[in-house]
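Enquirer: Dumping what TrEMBL says about this protein:
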type	residues	note
TRANSMEM	21-39	transmembrane segment
DOMAIN	26-482	domain 'Major facilitator superfamily (MFS) profile'
TRANSMEM	82-99	transmembrane segment
TRANSMEM	111-131	transmembrane segment
TRANSMEM	137-158	transmembrane segment
TRANSMEM	170-191	transmembrane segment
TRANSMEM	203-222	transmembrane segment
TRANSMEM	290-313	transmembrane segment
TRANSMEM	325-347	transmembrane segment
TRANSMEM	390-410	transmembrane segment
TRANSMEM	431-451	transmembrane segment
TRANSMEM	457-478	transmembrane segment
Amino acid sequence: MAGGAAVVDSSSKVYPGRMTAFVIFASLVAACGGLMLGYDIGISGGVTAMSSFLQPFFPDVYRKEQGIVSSNQYCKFDSHKLTFFTSSLYLAALLVQWPASYSTSKHGRKLSIIIGAVIFLLGAAFNAAAIHVAMLYIGRLLLGLGVGFVIQAAPLYLSEMAPSKSRGSLNTIFQLMITIGILLANLVNYATNKIQGGWGWRLSLGLAALPAAIVLLGSISLPDTPNSMIERGASEEDVKKYLRRIRGIDDVHEEYQDLCDACANASKAANNNNNNKLAIFQRKYVPQMVMTFLIPFFQQLTGINVIMFYAPVLFQTLGFGNDASLMSAVITGLVNVAATGVAFLVVDRYGRRPLFLEGGLQMLLSQVTIGSLIWKVFGVAGVASVSKGYAYGIVALICVYVAGFAWSWGPLGWLVPSEIFPLEIRSTGQGINATINMLMTFVIGQVFLSLLCATKFGLFFIFAFFVLSMTLFIAFFLPETKGIPIEDMSKVWSQHWFWRRFVPCEDSTRRVEMV
């Protein structure tokens with residue numbers, strides 16, 4: 001863990017209170033935004049592996065898949081029209097980030113979540129009723145707009161709602177819901193693929209409305225976070241009443257006062273910067289900016305969405321039959337959920353850095369081994385038959401890789417960027433985080449099948465290189481943020497061996513213990 005700094009702050013506050021049922025309910029509702037995203041990540045790969053879907057909408061891919069045109073396993077699903085069906089959602093989510101950031105800041109986290117759920121419902125209806133490719137694309141774009149609002153607001157809602165000692169666990173629920181959504185999508189695809197008549201894919205796409213309906217109905221009954229209420233001018237009586245409800249105690253004056261101070265400092269900073277969104281690029285925010293750019297950038301270059309988007313397609317490329325490929329995707333989905341549950345249990349006990357580093361090493365070894373096995377079986381020509389032993393081995397290695405991601409870069413890629421920004425630039429910072437995430441997701445989703453065709457087994461070694469790079473980045477440059485109140489988070493940077501040159505030390509009496 002060279003270069004990391006853990007702050008032991010004698011002045012850090014642990015506010016009184018307990019984990020209340022109301023906080024758990026509110027967090028589950030907000031985290032169901034991850035269910036929307038996860039279902040859509042999982043559903044597209046399964047649908048695009050169904051012959052009944054490919055034949056009417058993407059006949060050129062159908063002919064390759066049936067072996068009529070090409071026998072090269074690496075290239076049989078290579079189609080920019082097909083990949084745009086998957087990746088267009090993330091393009092729309094990318095484009096909507098700045099309007100979503102404005103809505104989240106000015107009108108509250110709750111309203112942005114509601115807006116996202118409504119738009120997502122419309123997208124699900126378009127996709128289920130599609131009669132030509134244009135309707136599919138319109139539906140995916142609407143889904144993307146909805147996802148864009150939700151991923152902007154939901155992680156902030158979770159971070160601001162949670163007590164500092166439980167913030168990691170509650171925020172991890174968002175990633176846990178993503179994994180559950182992926183698993184549900186894989187199970188739905190496996191079931192609907194067996195429906196006679198060729199309309200199973202419509203049910204798969206239409207059921208995306210279910211998680212959106214859960215989020216919409218649940219969000220209507222929730223108030224906004226205390227931070228957002230103060231930021232938008234709520235009265236002291238209303239905020240304290242709400243704090244008492246979510247903390248389960250009567251004495252909330254200290255936390256309320258610190259929230260007010262943080263809001264006042266945020267307002268002052270915003271006024272000094274003339275409410276300039278570009279204020280986030282000031283020197284004192286350099287550490288947060290680097291993290292919010294590079295963490296989502298590296299998160300997507302792990303290659304995880306290659307597995308999640310195209311798991312059935314990838315397994316068919318490796319020689320699995322249609323049902324077998326869908327079932328293999330279900331297996332990886334189960335591993336994804338279970339491993340994310342591990343992160344939920346340990347992230348606030350052991351911290352962010354240990355999970356980042358262990359997960360990175362696990363993914364690195366898995367990617368190198370997977371690439372080597374595919375190289376041995378398919379070589380460069382991409383023509384081979386896979387024995388059951390090799391097939392099971394590749395599935396097992398993919399499960400090891402998915403587990404490494406699911407208890408490290410999966411949940412932490414959302415948690416860390418959502419907790420490190422001060423209030424005055426928090427929604428802008430989350431907007432940048434979501435923008436980079438969606439941009440890289442779009443790029444990877446759009447080019448993966450072409451890259452697989454062009455680089456063949458080498459693609460897995462490319463991902464392994466990025467996994468190595470990002471693990472070294474975390475080892476040297478990310479301080480531990482476990483247990484730090486979100487209002488005091490800026491102090492960790494002034495005590496880090498590297499970032500302190502950008503951030504002035506606010507309290508010279510604080511003790512720092514280097515890990």
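Note: Cβ is positioned from N, Cα and C throughout, glycine not excepted.
Not measured: the values here are computed from a predicted model.
Could you place these features in context, so I can see how deep they sit and what lies close by?
Expert: On the 0 to 100 pLDDT scale, the domain 'Major facilitator superfamily (MFS) profile' (26-482) averages 84 in the predicted structure.
Residues 40, 44-45, 48, 54, 57-58, 61, 133, 136-137, 140-145, 147-149, 151-152, 309-310, 431-432, 434-435, 438-439, 441-443, 445-450 of the same chain, all 6+ positions outside the transmembrane segment (82-99), place their C-beta atoms under 8 angstroms from a C-beta of that stretch.
Residues 26-27, 30-31, 33-34, 36-37, 40, 84-86, 88-97, 100-101, 103-104, 109-110, 112-113, 115-128, 130, 167, 170-171, 173-174, 205, 208, 212, 215, 225, 414-415, 417-418, 426-427, 430-431, 434, 437-438 of the same chain sit 6 or more residues outside the transmembrane segment (137-158) yet have a Cβ under 8 Å from a Cβ within it.
Same-chain residues lying 6 or more positions outside the transmembrane segment (170-191) and placing a CB less than 8 Å from one of its CB atoms are 23, 27-28, 30-43, 46-47, 49-50, 154-155, 158-159, 161-162, 200, 203-204, 207, 211, 308, 311-312, 323, 326-327, 329-330, 332-334, 336-337, 340-341, 343-344, 347, 406, 410-411, 413-415, 418-419.
Here the transmembrane segment (325-347) has Cβ contacts under 8 Å with residues 42, 45-46, 49, 168-169, 172-173, 175-176, 178-180, 182-183, 185-187, 189-190, 193, 307-308, 311-316, 355, 395, 398-399, 402-408, 410-412, 415, 482 of the same chain, all six or more residues outside its ends.
Cβ atoms under 8 Å from those of the transmembrane segment (390-410) belong to residues 175, 178-179, 298-299, 302, 304, 307, 315, 318-320, 328, 331-332, 335-340, 342-343, 346, 355-363, 366-367, 369-370, 373-374, 377, 470 of the same chain, restricted to positions at least 6 beyond its ends.
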Enquirer: List, by number or range, the same-chain residues at least 6 past the transmembrane segment (21-39) whose CB is under 8 A from its CB atoms?
Expert: 109, 113, 116-117, 120, 146-147, 150-151, 153-154, 157-158, 161-163, 170, 173-185, 207-208, 210-212, 214-215, 218-219, 222, 245-246
